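Listed in TrEMBL:
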type	residues	note
DOMAIN	39-285	domain 'G-protein coupled receptors family 1 profile'
TRANSMEM	24-45	transmembrane segment
TRANSMEM	57-76	transmembrane segment
TRANSMEM	96-118	transmembrane segment
TRANSMEM	138-156	transmembrane segment
TRANSMEM	191-223	transmembrane segment
TRANSMEM	235-257	transmembrane segment
TRANSMEM	269-287	transmembrane segment
Amino acid sequence: MENASSVKEFIFLGLSENQRVQKVYFVMFLFFYMVIVAGNLLIVITVISSQRLNSPMYFFLCYLSFVDICYSSVTAPKMIADFLVENKTISFVGCIAQLFGVHFFGCTEIFILTVMAYDRCIAICRPLHYTTVMTRRVCSWMVIVSWVGGFIHSIVQTLLTTQLPFCGPNKIDHYFCDVHPLLQLACTDTYVVGIIVVANSGMITLSCFIILVTSYVVILITLKSQTSEGRYKALSTCGSHITVVILFFGPCTFIYIRPSSNLSEDKSVAVFYTVITPMLNPLIYTLRNEEVKSAMRKLWSRKVGSENGK
């Protein structure tokens, strides 16, 4: 991996070069990251400890929250620490590891969101067959396939990048290592690699998008024949998922299914899917879901009760 490159480390330009702005960003993004970890960890603990939240929807939500923690942890801690230092360096191996992590957890999240849409489609369109179709074994396999799919995608992106020679410059106009910024630093023609990278990401994004749209079209058609109360209940369970899909898919699609031309614009958009969306996910799912809020209240009262009992 290092034989093809004389560059031993890369330097991030980060979100801003202004020292005052960086200090503000440090406080702001540290707060965001704490909310991401605390909020998503709370959902994971709530789903695991609650007997009521045992449906496939919450099974997938638990894994989505876990992936969000991992996904943000690949980029956020390094970005936050870099706000306090002048030289924002990362080793070549560390850069490639970060690249792998970003695509692994990001792609896994896309697959899990797609699986959640399919789950909602079966629950609303075939309620009588839901328990026989979405068994725990089927749900487990869906999650395993999501992880494996994310791994394969990430391996392809990483191998394509590590085959390129890097001989300088080594300044990355971003706050984490990603494919497009690295392609621009390679000491060779990256046109073919760039096409493969976009095709790989585009194929995954497009196929998942088609499944998502198809699922919700089928849901909307099915809801026409239901009562207004049934429609409201069904849409309320789908509303949170649709919101998260838009917040995550929108920026990801903008970045990865086109050749990158403006890195400064790209890194601003990247903040949405690496920090903002993982932070909002717990709020979106708890504020709109009475079952989750009720389970959290019971978990909290149980904890307080046990502490008072001591």
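Including glycine, each Cβ sits where the backbone N, Cα and C put it.
Automated prediction, rather than curation, is the source of TrEMBL annotations.
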Inset, instruction - Taking the transmembrane segment (235-257) as the first stretch and the transmembrane segment (24-45) as the second, find out whether 3 or more Cβ pairs fall under 8 Å, excluding pairs closer than 6 in sequence. - result: no
Inset, instruction - Flag the pair the transmembrane segment (191-223) / the transmembrane segment (57-76) as in contact if three or more Cβ pairs fall under 8 Å (sequence separation 6 or more). - result: no
Inset, instruction - Grab the same-chain neighbours of the transmembrane segment (138-156) for me: Cβ-Cβ under 8 Å, and only residues 6 or more beyond its ends, written as numbers and ranges. - result: 56, 59-60, 63, 100-101, 103-112, 115, 119, 200-201, 204
Inset, instruction - For the transmembrane segment (96-118), could you work out the same-chain residues 6 or more beyond its ends whose Cβ comes under 8 Å from its Cβ atoms? - result: 1, 57, 60-61, 63-64, 67-68, 70-71, 74-75, 78, 90, 142-143, 145-147, 149-151, 153-155, 157-158, 161-162, 176-179, 182, 204-205, 208, 211-212, 215-216, 241, 244-245, 248-249, 252, 273-274
Legend entry - Per-region confidence, the domain 'G-protein coupled receptors family 1 profile' (39-285) (mean pLDDT, whole number): 87
